[in-house]
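I have placed the structure first, in the form of structure tokens, so that the comments after it can refer back to it.
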């Protein structure tokens with residue numbers, strides 16, 4: 001029983017990281033039709049931004065304060081990078097999907113190469129507050145505290161994004177744009193301005209995922225973003241491009257399946273089971289779990 | 001092209017609200033519009049007619065910027081052919097597309113608030129022309145009937161002070177009773193602003209249109225008064241391939 005509780009909590013924590021990484025990807029594709037392979041570079045940028053910020057702050061500051069500032073800076077960096085990428089690289093290529101893929105793949109590769117060139121290929125250890133590495137006894141299990149942080153952040157992000165989508169005009173335009181971008185323009189709404197905001201939001205969420213994932217892994221490395229991006233893509237495909245709720249459900253499912261399979265089958269089977277889950281959903285529900293409803 | 005007919009009803013005495021001059025649209029290797037030129041009067045309904053596939057919907061899309069086009073398009077004397085769609089719409093053209101294209105996942109009120117953020121279903125024009133929408137304001141537009149969706153689509157463009165409305169086959173696929181309702185709304189709307197209407201339903205055209213422009217193979221082949229065209233059985237058959245005697249009522 002305690003094993004199951006542990007697996008569920010760790011699975012939820014992993015799913016929370018997947019959701020944070022995938023939420024921006026889902027909105028970007030749902031609204032703009034852009035398959036953003038550079039999302040992994042945004043994740044990596046966030047991880048390095050947080051790490052560099054923490055290192056640059058006075059060592060006398062509490063680690064938790066430096067982490068909070070680092071995460072905040074990472075989110076800002078992600079938003080700026082997302083905005084710049086949309087304006088400079090994506091905007092000239094709307095309706096040119098192949099070129100978009102090539103540009104975002106190129107940017108992703110360039111991002112990894114740049115990080116390797118500047119900071120090297122080896123993982124760099126990140127500082128963590130002592131309590132993040134600690135555990136909490138609950139229902140007979142010793143549960144890692146960091147998973148609660150990831151779940152809490154993902155929950156806040158989920159609620160925040162839902163509020164943005166359902167309580168603001170920007171959200172209304174995004175939801176309409178996910179359904180029919182052309183018709184949004186035909187109602188006199190400058191959808192390109194919305195694209196920029198969504199790309200910045202996606203970049204910020206990706207950077208947040210990167211900063212938290214570096215805490216999960218205990219280090220930053222150039223390839224970190226790419227590996228998290230693979231799961232983010234799987235989550236988005238299962239949950240439905242543009243569907244925030246679908247993305248959340250899929251992220252939890254992927255995290256739990258991965259953890260349970262790794263424990264009850266064999267180490268490494270978790271990744272395979274995630275791919276099987278993806279295949280199963282695509283076979284049974286080709287339109288994904290939630291279609292394209294935000 | 002047939003001889004131009006004198007305009008017997010609602011003749012354009014003021015400057016036209018919209019002018020198309022040698023407008024071409026090409027999709028891939030297809031030359032859809034081949035130098036379309038006509039004017040839309042500043043009052044009443046101008047019907048754009050023609051057989052299926054002659055370029056009527058493409059003409060509306062070219063005006064609104066949803067089709068790649070060349071040539072000159074003037075709205076109230078200002079060129080708009082280089083503008084983005086959203087800017088053209090904000091310049092004063094409302095567009096009701098074929099097949100309504102309401103946002104099915106949004107409520108009726110949300111569909112309307114996209115255009116009028118502060119009013120939505122509370123706008124006076126909605127209550128006056130579409131009272132059914134007010135009572136269904138919280139219903140998802142995707143669950144409405146075809147006629148109700150058409151009303152949402154029409155209401156959206158009436159929430160803005162447009163200089164011209166482009167309305168593409170508003171009665172397509174609707175039951176006869178709903179066709180009459182849509183016709184009533186269009187007739188009411190056309191009293192206050194000009195409408196360029198694409199329509200296959202000739203009785204509806206006869207009832208509400210003042211002028212007609214007929215396209216064939218991507219070019220204008222006839223312009224004139226609507227009443228004259230629909231009264232001329234032979235000309236109607238020649239240009240549109242249909243006879244008024246076989247058409248239903250609007």
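Backbone N, Cα and C atoms are what each Cβ position is placed from, and that goes for glycine too.
The transmembrane segment feature in TrEMBL is assigned to A:6-29, A:41-61, A:67-89, A:101-119, A:148-174, A:195-216, A:228-256, A:263-284.
Remote same-chain residues near the transmembrane segment (A:195-216) are listed as 13, 17, 20-21, 23-25, 27-28, 31-32, 36, 39, 42-51, 67, 70-71, 74-83, 85-87, 90-91, 126, 128, 132, 146, 149-150, 153, 157, 170, 174, 224-225, 228, 232 (criterion: CB distance under 8 Å, separation of at least six residues from the stretch ends). Within the chain carrying the transmembrane segment (A:101-119), a Cβ under 8 angstroms from the stretch's Cβ atoms is held by residues 34-41, 44-45, 48, 85, 89-90, 93, 220, 222-223, 225-226, 229, all 6 or more beyond its ends.
Annotation: stretch A:148-174 has the most Cβ pairs under 8 Å to the transmembrane segment (A:6-29), among A:41-61, A:148-174, A:263-284. When each of the listed stretches A:41-61, A:67-89, A:228-256, A:263-284 is scored by C-beta pairs under 8 angstroms to the transmembrane segment (A:148-174), A:228-256 comes out highest. Between the transmembrane segment (A:228-256) and the transmembrane segment (A:67-89), fewer than three CB pairs separated by 6 or more residues in sequence fall under 8 Å, so the two stretches do not touch. Residues of the same chain lying 6 or more positions beyond the ends of the transmembrane segment (A:263-284) and with a Cβ under 8 Å from any Cβ of it are 3, 7, 231, 234, 237-238, 253-254, 257. Within the chain, the transmembrane segment (A:67-89) has long-range Cβ neighbours (under 8 A, six or more residues past its boundaries) at 24, 38, 41-42, 45-47, 49-51, 53-54, 57, 103-104, 107, 127-129, 195-196, 199-208, 210-212, 215.
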